[in-house]
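> Can you read through this structure? Questions will come right after.
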Amino acid sequence: MERINHTSSVSEFILLGLSSRPEDQKTLFVLFLIVYLVTITGNLLIILAIRFNPHLQTPMYFFLSFLSLTDICFTTSVVPKMLMNFLSEKKTISYAGCLTQMYFLYALGNSDSCLLAVMAFDRYVAVCDPFHYVTTMSHHHCVLLVAFSCSFPHLHSLLHTLLLNRLTFCDSNVIHHFLCDLSPVLKLSCSSIFVNEIVQMTEAPIVLVTRFLCIAFSYIRILTTVLKIPSTSGKRKAFSTCGFYLTVVTLFYGSIFCVYLQPPSTYAVKDHVATIVYTVLSSMLNPFIYSLRNKDLKQGLRKLMSKRS
């Protein structure tokens with residue numbers, strides 16, 4: 001990707017990272033390397049368990065396999081560069097590299113968000129309209145939902161990337177972050193960021209809040225339906241099926257709202273923690289959360305491990 005913004009005198013950015021202390025760098029490298037390997041391994045096991053187990057060939061697990069794939073790509077867009085910078089004295093990223101990382105950060109993060117909304121809709125249909133579940137969640141419809149979830153977010157990401165590329169960056173090139181995120185990069189621009197801020201404060205929240213409301217509506221309807229079930233075992237099964245989805249949604253959206261539902265000018269170092277949660281920790285924890293109380297997935301993982309041993 002060649003640098004397009006010829007009006008900038010900045011050809012690279014410096015990422016300050018999580019700590020400026022040299023003695024912390026190797027510790028952080030080992031910590032995030034372990035997290036990255038656990039993320040890749042855990043999500044890959046979920047994908048393989050679903051792929052090779054006939055009992056898991058359902059819409060719910062179809063969506064889960066794509067969520068795991070997206071989580072692998074999402075984490076890979078962030079962590080490898082972090083690991084390189086932990087061991088490097090010059091913690092730099094090229095202008096083109098910064099735009100590329102930001103593009104995939106937004107595209108894959110929004111794909112995650114879309115897939116969580118689709119999975120909530122799937123559970124809503126399964127619990128609230130079970131007689132039409134096979135028709136509504138047919139394989140054709142599932143493929144279309146996944147295709148939309150993985151393609152539409154790229155338009156959102158492309159919009160922010162192109163608007164950012166129009167800006168001029170003069171002398172300051174130090175990003176107070178461990179990755180190229182929109183708000184800290186906008187702070188470095190020596191040209192007007194009015195349009196960027198308007199888009200970020202209107203389009204981005206609308207996209208995020210709309211998906212979150214879809215998820216909230218789905219689970220409110222599920223809750224009201226489950227409470228009407230006379231059988232205690234039926235209630236327990238429905239709650240256990242949806243409980244881990246709510247855990248993932250809370251973890252993912254809670255951290256995202258902390259970062260992005262605020263003006264770019266108010267972005268602070270404290271937001272690093274929330275960014276780590278939704279870019280790194282969420283992707284690592286998802287496989288454990290999904291398999292913790294899911295007997296079918298546990299059985300699928302056991303079968304997969306027994307085949308490999």
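Cβ atoms here come from the backbone N, Cα and C positions, even for glycine.
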> Return whether the side of the membrane given for GLN57 in Swiss-Prot is the same as that given for ARG236.
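For GLN57 and ARG236, the topology recorded in Swiss-Prot gives the same membrane side.
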> So, three-state DSSP: helix, strand or coil for CYS190 (disulfide bond)?
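Assignment for CYS190 (disulfide bond) reads coil.
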> Identify, among the disulfide-bonded residues CYS98, CYS190, the residue whose Cβ has the fewest other Cβ atoms within 10 Å in this structure.
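If we count Cβ atoms within 10 Å for the disulfide-bonded residues CYS98, CYS190, the smallest count is at CYS190.
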> With CB pairs under 8 Å as the measure, which of the listed stretches 27-50, 198-220, 238-260 comes out on top against the transmembrane segment (273-292)?
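Looking only at 27-50, 198-220, 238-260, the most contacts with the transmembrane segment (273-292) come from 238-260.
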> Relative to the transmembrane segment (198-220), which of 27-50, 59-80, 102-121, 141-159, 238-260 accounts for the most Cβ pairs at distances under 8 Å?
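Against the transmembrane segment (198-220), the leading stretch is 102-121.
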> So are the transmembrane segment (238-260) and the transmembrane segment (59-80) touching or not, going by 3+ C-beta pairs under 8 A with a sequence gap of 6 or more?
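Result for the transmembrane segment (238-260) with the transmembrane segment (59-80) is no.
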> Should CYS98 (disulfide bond) be counted as helix, strand, or coil on the basis of DSSP?
helix
